[in-house]
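Visitor: Handing you this structure, nothing more for now.
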Amino acid sequence: MQANGCSQHNGTTDSSLVDPHSIRTSASTSNGAVTANGTMTGQNSKNLSKTDQDIVRLIGQHLRGLGFNQTAEQLIAESGCALEHPTAARFRAHVMDGEWDKTEDDLHELEALVKGGKEDVIKMRFLLLEQKYLELLEDGIPLKALECLRHELTPLKYNTERVHVLSTYMMCSSAPELRESSHWEGKGPVSRQKLIENLQEFLPPSIMLPPRRLFTLLSQAVEQQKEKCPYHNTQLDSDLSSISLLMDHICTKEQFPSATTQVLWDHSDEVWYCQFSPDGTRLATGSKDNKLIIWDVDLDLFEVRHQRTLDEHKFGVGFLTWCPDNMHLLVCGPDETNEVYIYNAVTGEVRQRIHQNSDDSLTYAAWMPDGRKLVVGGVRGQFYYCDIDGNVIDTWEGIRIQGLAALDDKVVLAADTHNRVRAYNFDTLQDFPIIQEDHPIMTFVVDDKKEYALVNVASQGCHLWDLKDKVLLRKFHGQTQAFFTIYSCFGGLNQDYVASGSEDHKVFIWHKRRESPVAVLEGHRLTVNCVHWNPCEPSMLASASDDGTVRIWGPKDKQRRRKDSITSSGRSSPV
């Protein structure tokens, strides 16, 4: 069967398929003119609105990009709409053919239409001559290339630094060496098409259409639909080729993490904290029963399996955090705990025990991004900056810590008992305000890009703050929180969602741009103390509760798949 060509292109423009001769034909047949509003029309233009003319031009351009040149010419002839200014069309054809002397004449005709006047004309001329110079070098004509460099490029007195770089390419002994040194694709349609795209930026779209304009508009429309979709949480449709343009984009709630796929019963008391490792392959849970449990995560079945239990610390696990190296775990206890443990999560051994003073209260910790240093602190005013071996590098006195997060290897955010979050620079020993709330801050967390902070405020719920502008963006509705410590998180695709536990036994999930929850997960029987999203699987999250359980949540199809797997293997389901 003869292929129709559609499946070969997937709606994208391949510059190698663009026939410069068909473009030249268009230039000679589209005797268009520019109207008062800047629209290109042919002499036989029908009574089309400006919008209809723009649509015709976009379709014509896309047809050309697919290689359907005759069809595009028929559209131009029947509609009377020229795709672009006749001189611009000739200019494009001459660039694609490498007729550099003719491009100079074309540019002279286009001067009055260039957006930025003479200055931009010089920039356009420089780009043309740069391509000409490189092609002469590749063709093995160094004397002509040198003449172009000395008598055409240099007199422009523009971007002299780049001219100096271009001169060094004279030393290249072969065409491959030239292409490698200059990071240039070489003489031909690919590099010339890129040149066209760069030149187009200086001309109004009514004169020369931006490259792949229809594809760009469709991509923008789909992205806008994704942004409005409350349940869009998948990476499977990252480009236009994976979705249909014949219907609006919509995700169903069934594709969202809304069902319990597994319940973990291994703890014997309240579970205070849970966190996935940075690579998403393990889960750590800490409980009032003094146990720290490491679980292996099966991302296909949405199932976790008990790996080992760590209990050398002899205190309830009130807080824990994975090192960026995926190997080490920091473990803190409740308010009266004066030491912090660092475990090797792979071997189960204690790497380090950090203890400075018997009067300390070390209840919060954060790794610096390098994974070799950390900060620890608590409500009694201790604030230590240490290395992974427990050596104290610096201290900050009198800061009653309610939460910690590292922005970089020197700056740490710390919530305190004054209802605020401040930044502390351990390099300059300066601090400055970031967030000020009206009520006590119970916990806070920062997103991966260090742009936002999610703050759990006593009797107020979850607040979203912009760290750069230091402004409150949103107060999320629904969650119940008085003065219990509840840990929330960012998560999902591009961390577009936030999730939090609640004193009414539920897990609440919001989109960052919506104040009302997009999902409320029910199943726990007591307060949900902590929620954490798997950083490598947008559809998996874990929650820890006072009911002594940890729940794994995922889409409903994952729940069904796991039940089928359990049934086929003869195991009993813990759900």
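From the backbone N, Cα and C atoms, a Cβ is placed for every residue, glycine too.
TrEMBL lists 1-16, 23-47, 566-575 with the feature compositional bias 'Polar residues'. As annotated by TrEMBL, region 'Disordered' applies to 1-47, 548-575. Among the features that TrEMBL reports, domain 'CTLH' is placed at 84-144. Residues or ranges marked as repeat 'WD' by TrEMBL: 264-298, 521-563.
I would like each feature placed in context: is it buried or exposed, what are its neighbours, and how far apart are things?
Guide: Same-chain residues lying 6+ beyond the ends of the repeat 'WD' (264-298) with a Cβ under 8 Å from its Cβ atoms: 304-311, 313-322, 324, 326, 329, 331, 343, 345, 348, 485, 487, 526, 529-537, 540, 542-552, 574.
Nonlocal intrachain contacts for the repeat 'WD' (521-563), taken as residues 6+ away from its ends with a CB within less than 8 angstroms of a stretch CB, comprise 233-235, 254-265, 267-276, 278-281, 283, 285, 287, 297, 299, 301-304, 448, 484-493, 497, 499-503, 505-509, 573, 575.
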Visitor: If you run through the repeat 'WD' (521-563) with DSSP, how many residues end up as helix, strand and coil?
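Guide: Helix, strand, coil within the repeat 'WD' (521-563): 8 helix, 17 strand, 18 coil.
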Visitor: Do you know the DSSP helix, strand and coil residue counts for the domain 'CTLH' (84-144)?
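Guide: So the domain 'CTLH' (84-144) is made up of 50 helix, 0 strand, 11 coil.
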